[in-house]
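Record features, source Swiss-Prot:
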type: BINDING; residues: GLY49, ASP50, ARG51, GLY52, THR53, GLY54, LYS55, THR56; note: ATP binding site
Amino acid sequence: MTSTADVFDKKDQFNFVFPFTAIVGQEEMKISLLLNVVDPKIGGVMIMGDRGTGKTTTIRALVDILPDILVVKDDPYNSHPHDVDLMSSEVQALVLNRMNIETCYTKVPLVDLPLGATEDRVCGSIDIEKALSEGKKSFEPGLLAKANRGLLYVDEINLLDDHLVDVLLDCSASGWNLVEREGISVKHPSKFVLIGSGNPEEGELRPQLLDRFGLHAEIKTVKDPELRVKIVEERTEFDKDPVAYIRKFSKSQDELREKIINAQNLLPKVEMPRELKFNISKICGILDIDGLRGDIVTNRASKAYAAIQQRNVVEIGDIQKVIVSCLRHRLRKDPLEIIESGEKIQKAFTNIF
């Protein structure tokens, strides 16, 4: 496992990243990201907020606190050497034939999806001419292949083509990418945490797409002058000497990484009392939330938060910490309503609990 102190020994690390534990404020965004890392089944996170509030900085910082993953060496899909659901068909064939597989540890991939990306760039492309002339499937993996077992980040996702957003959400939910062209199909694992960010002034996602994101974090510009000055000072110190600044936070970074590993291991043992499950569903009913995604995600996020706190039983406080992010984007829009969505959810929570 890579520790923060090791990064200075690697040549590819000289593009320094601001430490996650040094980021001031924006707790809702940080917690939403950590919950998805502990339990990727939560279904990703949509981060909406003003420009210059640290959305991209925080997402890039997340990778440095994640434990390294074991992969098959030189495999374009980051295949797991033992888990069949995370293997490409080529690696599966090697395993079935009991061939030796060379493995190595690598950092969790963070793949950026540019707004102008074509479907072939995202999903991968099949060389039809080669397939017809030589009878071989020639597949060029896309961004979804690179993102397997990692994070896929789309900045300004609200401006991305709806069809591509649909493709990303389908892959994120199923863990597989299926490419079909002219009767030829290729399937490969693509299990990732989808992270979208955007500015609400530039438009929202369609409600049907928004509902499929597990969590929704709202980021606002810090108003407190003390905090604003602190943020400016921290950034100035980092820019002046990034090596010294990263070393300063190496202990807290390593501690958080250890906390994530422990939470991932504890998660399968975390239980939620039936009474709390019932109350979550009651809140979703009172708020008139369509479908059951809200119930499911709130249950999962509450368990993940309890695991981060190193507890194997969910408490009321765990639910309160995550419920706004789980339900905010699932509320029906009422243009005449004055109360903010977060306040409405907290009010319903207080009435039930």
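Cβ coordinates come from backbone N, Cα and C, glycine included.
Neighbouring residues of the recorded ATP site, listed in sequence order and excluding GLY49, ASP50, ARG51, GLY52, THR53, GLY54, LYS55, THR56, comprise SER197, ASN199, ILE219, THR221 (Cβ within 8 Å of the Cβ centroid). A simple way to gauge crowding: the CB of ASP50 (ATP binding site) has 13 other CB atoms within 10 angstroms, across all the protein chains here. Long-range neighbours of ARG51 (ATP binding site) (same chain, six or more residues apart, CB within less than 8 Å of its CB): ASN199. Sorted by the number of other CB atoms within 10 A, the binding-site residues THR53, THR56 start with THR56, the lowest.
Cβ contacts within 10 Å of GLY49 (ATP binding site), excluding its own Cβ and spanning all protein chains shown: 20. A simple Cβ count within 10 Å picks out one of the binding-site residues GLY52, GLY54 as the most packed, and that one is GLY54. When Cβ atoms from all protein chains are considered, those within 10 Å of LYS55 (ATP binding site) total 23, not counting its own. Secondary structure at THR56 (ATP binding site), taken from DSSP and collapsed to helix, strand or coil, is helix.
Following the DSSP three-state reduction, the secondary structure of ASP50 (ATP binding site) is coil.
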